[in-house]
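Asks: Below are the features I grabbed from TrEMBL:
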- 335-353: compositional bias 'Basic and acidic residues' (COMPBIAS)
- 470-479: compositional bias 'Basic and acidic residues' (COMPBIAS)
- 480-494: compositional bias 'Acidic residues' (COMPBIAS)
- 495-523: compositional bias 'Basic and acidic residues' (COMPBIAS)
- 27-52: domain 'RING-type' (DOMAIN)
- 141-289: domain 'YDG' (DOMAIN)
- 384-440: domain 'RING-type' (DOMAIN)
- 321-362: region 'Disordered' (REGION)
- 470-523: region 'Disordered' (REGION)
């Protein structure tokens with residue numbers, strides 16, 4: 001921490017650097033703030049203010065901002081404020097156990113009502129990437145799970161019970177894993193709802209940069225990417241997809257009169273692309289119901305049974321058709337007469353964390369995520385453009401690219417600065433070789449003749465590295481202390497229980513009775 005403060009003070013107190021307006025380092029490797037550099041050059045001085053090396057005329061006439069060094073100082077200050085416990089504007093965390101039962105607005109809300117509302121407490125203990133129905137064991141409030149036919153007032157309340165987590169998007173899923181749930185809300189004219197099966201249109205194809213009056217018009221083709229890809233993965237794997245119907249679907253006879261309703265799980269049997277009503281290609285999905293509970297509109301006592309797929313006429317002109325080539329992960333078991341997982345469900349990548357009443361572990365995880373982001377920024381902002389590792393002995397070229405000194409020297413190893421010329425047995429004047437930067441066409445041959453390490457940038461990188469190492473060590477020590485406290489608490493509870501059991505055991509009772517009898521006989 002002291003090293004970080006020393007580096008920051010060396011930039012600010014001596015006025016050699018002002019964050020946001022630093023010029024690129026001179027060939028001698030020194031940095032200056034833009035206004036001071038312009039004032040120095042404006043006085044007719046063409047040498048470095050620190051070492052008196054000559055400043056190139058091109059740099060003196062047109063200095064450029066050194067964005068890499070600006071980022072370095074900003075990151076250093078951010079790490080300093082975070083470590084000191086000062087105000088941190090990045091995290092606005094309200095833990096689930098502290099949230100109210102209904103959606104609420106905060107002081108930061110820009111609009112009234114639920115337009116900028118925050119989600120209320122999540123009542124179920126499932127991760128956001130949970131596939132399939134929500135069972136009773138994940139419903140600690142009611143111990144019944146989310147039942148088919150349950151209704152909610154709005155998308156935020158639907159989110160609280162885990163039926164569909166996104167409160168705006170109609171598809172919940174990840175392109176690499178699959179889709180967990182969808183909402184039928186009448187967003188596309190191509191949708192067809194037949195209750196036990198329906199044709200669903202993917203997302204995208206609209207220009208959302210303008211106002212909402214024109215956002216319903218499709219302006220380009222949909223592709224199997226992002227959310228559409230997630231649905232395609234669920235189709236290929238045979239995953240169950242939770243389906244929620246909204247009252248906004250006015251064309252459907254199966255939509256609820258108001259709010260939203262959970263209608264069970266469906267399986268995507270096929271998906272394809274076709275030209276839609278508005279003249280652009282759309283992604284289409286055939287959903288077929290496969291739930292153990294009857295549909296809300298059905299009078300049956302039992303759930304679904306395997307049914308033949310409906311005939312889809314638009315498949316004749318469809319392209320990019322995807323059908324499942326392997327057994328589905330969610331299928332009907334004839335022996336048990338129920339739908340269940342026949343293969344292991346996808347492993348959740350967002351596990352539900354246990355409640356931490358003290359908040360120590362939560363604070364540690366927030367700090368760890370902050371440190372990880374610093375590491376990522378270090379690798380991104382301070383990586384050598386040749387070896388892609390964090391820079392050692394940084395060299396900043398006149399074109400503002402950063403390299404390790406050894407990497408830059410190795411890139412031009414064996415190359416000469418001058419080329420000897422001869423013609424007709426006569427020696428001509430030597431010609432300068434053009435040596436371009438490894439990352440751009442700029443000629444840096446003059447710069448390569450006297451490479452100078454950017455010492456200020458080197459100090460910042462080393463300071464940030466040491467700061468991260470210190471915080472990692474302190475976090476590890478804190479976690480060990482928490483684990484030790486929990487073990488001591490458990491040992492204390494066990495010892496207390498053992499003491500009670502021994503004092504009330506028959507052997508101890510007989511011993512006490514014998515002592516009492518001896519005392520009475522002596523009396």
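All positions are counted from 1 along the displayed chain.
Just so it is clear, glycine is given a Cβ too, placed from its N, Cα and C backbone atoms.
No curator has checked TrEMBL annotations; they are predicted automatically.
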Asks: Calculate the per-residue pLDDT averaged over the domain 'YDG' (141-289) and state the result as an integer.
Replies: 91
Asks: As a quick check of your reading of DSSP, tell me how many residues in the domain 'RING-type' (27-52) are helical, how many are strand and how many are coil.
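Replies: Breakdown, helix to coil: 9 helix, 2 strand, 15 coil.
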Asks: Determine how many residues of the domain 'RING-type' (384-440) DSSP places in helix, in strand and in coil.
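Replies: So the domain 'RING-type' (384-440) is made up of 7 helix, 21 strand, 29 coil.
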